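Comments concern the structure below.
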């Protein structure tokens, strides 16, 4: 909450920040409005109170946050009346600090408000972790939590009346309920009615002959939006005569396009890898495969075909069945594109939590797969989830949480003030550099969660505006996180999905040099912009108080956790030697830390894991793979490949780098870069395998990484770290709006992407580095 510097009610002048609750009669209140006491709350106020309580029950709001805004506000050095920053010197009739309020709640709990306990669950020493079973400890936490909830509800009823806690069902609620039920019924009806007719519209059965000297080119339907073909080839009914003499007889099929009716072998252009079946003896020989590579629009001179080859000298009878999508099935790419756009809109507008947005997109995509007769089973869906990303995130979350409980990061922030010697400019340099370095080895969201509150406390104590430093920290966290595989979610996705091509060390060797340049330039640009704020006179800070408030709380655990974290980083660097994936290394480090920190309270440790983020990734992977089944990824790849092929061959790599960096940067500034990166990873693999391009994949990987990570600085919603910093600042009374961010973020992004593009072209296109 940013009020850690406050020690209580009795410290008088030493107290630099407090939270007060205004119990005002009206004439001394906010603009002469009616008193908050003694009047009936409106329906919107009751709903807001109920929402806050629900958030408190689920753990999303703390004790200080649960009261309505009109009863609570954060002082942060200024007095607040009725939950708003007040410039008036008129005294209110009665105020009480949040420290006293918390004390009264805990006293009420201990005297009969619930479980009868004498100490709150806020105290980690309620139950001995090593001597009592963890289930008993969890029960104790649950009882204390319930007692606290009862106390909060009693306090709200006292101030707002009993009707404040009563649920009010509005017309809007009924409408949304009806819409959801209607949607469910509509989906079931559509599957029942449309499912059997939307696929397998055209079924062809033909008998052809094929031999080693005469391949077969099986023509497909000539409509312009073919998106899906099922092909089934059955060769012969008994072992053929006139064989090559070899014991192995093979049948090979491959989809592609013909020009000039494939008069020569060079007139055929393959799309997929070939599908081959071989038998030593016995018949029939069967090949069955599905393809959606015909999703791209093809020219009038091209004919979609499936080529069939064999090594049999004598003609071999081939019975072919093909099923080609028709009607709505022909527009699978359009449907998939609309689903992807809808996912981006849901995430951008925050109508629902982004995890629910991903699940909605996933189920809509699977619904259409059912209609297209491509419904995946659970085994197939689980294969869509990139388990390495999930495990890596899980392991690093646990490691970072254990480190954060030691007080290390707050201690580093206070040491930064000592090193700065009270100089604001020097403190700015130290904090932004510290944020960038930590973001390279922690995820950038965790970094700003730990650094931003302490930054606000330091700024308040020094009587300076914290917004310039907070914005700079968010920008540098995104830049610093670009340097390593574990620093930013796009890099985590890229490193896990393309582990056959790149390692942890490759990220550092390719991205760290340009990140150092971009970070240095950005710091000096920000220093120039905020010259007035950073050269202002700073107030006196009691360094002894800071040391007392922000100290190392668990020294032994810090030594253990620091040792484990160091080993994890070393194992990341030495991956080319031991060939153990980063995910397993992170998970091993997490398990070791749990054994060393709280072996009797695994439940307490796992509460710190961001399960909603892990579910978001899992649902997102399934949604994107489902859209790929409809041909969307291939369509995007063909579109980008078409742009690249339009330039001379010696310039194609340069154009590919420019396209990936700038498109990734622009899109990541407007939308969440996680779904975008998940979508583009298979696209760059497709580009590298295009026989007409022959582009090396590693320069494409680094271009995608630089664009997706650096582009997040463009807008307030471009990266999660930006929103986290804005949220922390808002809770402390400092607003960072979307427009405020646009004054700085786009310029930093433009400079960063320009430097990244120049570096990538010089190193990979001009210099010829393929690693």
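Placement of Cβ uses the backbone N, Cα and C atoms for every residue, glycine included.
Per TrEMBL, the feature compositional bias 'Basic and acidic residues' maps to 8-21 (among others).
According to TrEMBL, the feature compositional bias 'Basic and acidic residues' maps to 42-56 (among others).
Annotation comment: TrEMBL describes 99-110 as compositional bias 'Polar residues'.
Under the heading domain 'Citrate transporter-like', TrEMBL lists 344-707. The average pLDDT computed for the domain 'Citrate transporter-like' (344-707) is 83.
Marked as region 'Disordered' by TrEMBL: 1-56 (among others).
The region 'Disordered' annotation in TrEMBL covers 77-122 (among others).
The transmembrane segment feature in TrEMBL is assigned to 174-194 (among others).
Per TrEMBL, the feature transmembrane segment maps to 331-349 (among others).
Taken from TrEMBL, the feature transmembrane segment applies to 355-372 (among others).
If you look up TrEMBL, you'll see 392-414 (among others) marked as transmembrane segment. Within the chain carrying the transmembrane segment (392-414), a Cβ under 8 angstroms from the stretch's Cβ atoms is held by residues 431, 434, 438, 442-443, 446, 450-451, 454-455, 458, 486, 492, 496, 543, 546-547, 550-555, 557-558, 561-562, 564-565, 568, 582-583, 585-590, 593-594, 597, 605-606, 608-610, 613-614, 617, all 6 or more beyond its ends.
TrEMBL lists 426-442 (among others) with the feature transmembrane segment. Same-chain neighbours of the transmembrane segment (426-442): 396, 400, 409, 412-413, 416-417, 419-420, 448, 450-451, 455, 458, 462, 468-469, 472-473, 476-481, 483-484, 486-488, 519, 523, 526-527, 530, 534, 569, 721, counting only residues six or more beyond its ends whose CB sits under 8 Å from a CB of the stretch.
For 449-471 (among others), the entry in TrEMBL reads transmembrane segment.
According to TrEMBL, the feature transmembrane segment maps to 511-530 (among others).
The transmembrane segment annotation in TrEMBL covers 557-574 (among others). If one looks beyond the transmembrane segment (557-574) by at least 6 residues along the same chain, the residues whose Cβ comes under 8 Å of a Cβ in the stretch are 399, 402-403, 405-408, 441, 485-486, 504-505, 508, 580, 582, 585-586, 588-589, 592-593, 596-597.
The transmembrane segment feature in TrEMBL is assigned to 580-597 (among others). Counting residues 6+ beyond its ends, the transmembrane segment (580-597) has Cβ neighbours under 8 Å at 387-389, 391-392, 394-399, 402, 405, 485-486, 495-496, 499, 504, 557, 560-561, 564-565, 567-568, 571-572, 605 in the same chain.
Taken from TrEMBL, the feature transmembrane segment covers 609-633 (among others).
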Handout entry: Range from 331-349, 511-530, 609-633, 747-766 with most C-beta pairs under 8 A to the transmembrane segment (653-671)
Key = 747-766
Problem - Same-chain residues at least 6 beyond the ends of the transmembrane segment (511-530) whose Cβ lies under 8 Å from its Cβ atoms - result: 425, 428-429, 432-433, 436, 468, 471-472, 475-476, 479-480, 482-484, 702, 705-706, 710, 744, 747-748, 751-752, 755-756, 759-760
